[in-house]
Amino acid sequence: MLAGKRILLIVGGGIAAFKSLDLIRRLRERGATVTPVLTKASEEFVTPLSTSALAGQKVYRDLFDLTDEAEMGHIELSRAANLVVVAPATADLMAKMTAGLANDLASTLLMATDKRVLIAPAMNVRMWEHPATQRNLATLQGDGILTVGPDVGDMACGEHGPGRMSEPLAIVDAVEAALADGPLKGKHVLVTSGPTHEPIDPVRYIANRSSGAQGTAIARSLAALGADVTFITGPADVSPPSGVKVVKVQTAREMKDAVDAALPADAAVFAAAVADWRVENASGSKMKKDGSGKAPALEFAENPDILAGVSQLKKGRPKLVVGFAAETDDVEANATAKRKRKGCDWIVANDVSPETGIMGGSENAVSVISDQGTEVWPRLSKDQVAAKLAKRIAGALA
Ligand code: C5P
């Protein structure tokens with residue numbers, strides 16, 4: 001429910017703007033107040049009259065509208081909301097946000113706000129996949145901008161692929177997650193997830209089979225309980241959840257830097273399958289067969305143990321540090337020893353032997369090991385494990 005919540009809805013100029021009219025209705029159905037802002041381009045797709053009629057509010061359109069400044073200045077407008085939503089977020093608006101431009105009302109509000117911002121990108125598939133847009137997306141996610149979508153599907157321009165704006169109800173879900181008033185409200189939790197890629201040369205790398213599904217589900221569940229989540233992910237198969245701050249990394253060392261930068265945190269969950277070793281003599285150019293039949297010798301160096309490092313921090317240690325132990329033999333004994341060795345509070349242990357289908361699968365069978373002993377959980381979906389773990393974390397931080 002969104003009763004009493006105020007949403008500032010910036011409508012970008014794309015064909016998906018028509019869906020924003022339905023989004024206004026859906027948000028209002030749940031009790032939110034929606035203040036719409038139209039860009040010049042969006043007025044080519046929706047009219048101020050229809051937007052205002054559906055919102056039951058005045059529509060804001062012009063930065064230099066003196067009446068508006070007399071009634072409510074742009075700074076106040078940007079801060080009176082609980083959440084700023086940009087739907088559709090066009091490639092142009094995303095680029096403006098990335099660059100910090102403030103040359104119209106929408107971009108100025110986005111610069112001036114002190115509230116969280118959720119964007120629902122929508123554009124042609126090639127524009128979405130363009131390196132510039134992907135670069136901008138990574139920057140925005142790193143800045144803490146929340147994202148929902150885009151979806152994959154047929155597009156108004158006749159092409160097919162990612163770029164469709166999420167459906168209004170999915171955007172409403174992301175709004176609810178971003179504004180969740182749960183037991184973790186006000187708590188900052190960082191989550192690592194996915195595999196790491198350790199380069200051998202510019203085109204080859206060492207990786208593992210982690211899909212990132214469990215870490216992603218945990219981040220989503222923590223956000224649903226109201227946590228402010230920083231989600232640090234290696235190159236995973238699954239998309240990051242909406243409503244969290246996403247930091248994308250490749251290597252273990254990048255993951256460590258991202259974790260250090262994200263601290264302090266009230267709790268930290270290390271669900272990533274971090275490579276223990278990196279190739280010390282990685283080549284700067286592509287390695288080639290030299291015809292001698294001799295294979296190159298890779299030398300390995302140990303990666304920093306991120307979990308152990310954070311667990312053993314003398315200053316600024318999160319109150320709760322949770323590690324994972326993916327084992328193939330003697331799961332409980334190994335995980336119990338790992339908890340002691342690393343110094344974390346809980347270890348979530350699971351058996352990743354190929355016959356369990358857990359690594360890369362949708363289910364997990366875990367035991368949670370703490371100083372209170374071992375709690376064996378039944379085999380559950382990864383979403384259920386995440387929800388149960390998030391609840392346990394909320395209990396520990398209460
Ligand atoms: O030692 P092992 O890799 O089995 O430990 C697994 C746990 O430690 C996981 O929580 C994983 O995210 C974390 N880890 C880490 N940094 C590493 C290796 C593992 O944070 N270099």
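Note that Cβ sites are derived from N, Cα and C of the backbone, with glycine treated the same way.
Now, the feature entries from TrEMBL:
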type     : residues : note
REGION   : 1-188    : region 'Phosphopantothenoylcysteine decarboxylase'
DOMAIN   : 5-177    : domain 'Flavoprotein'
ACT_SITE : Cys157   : active site, proton donor
DOMAIN   : 184-394  : domain 'DNA/pantothenate metabolism flavoprotein C-terminal'
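DSSP assigns the residue listed as 'active site, proton donor' to coil, not to a helix or a strand. Neighbour density for the residue listed as 'active site, proton donor': within 10 A of its CB lie 13 other CB atoms from the protein chains shown.
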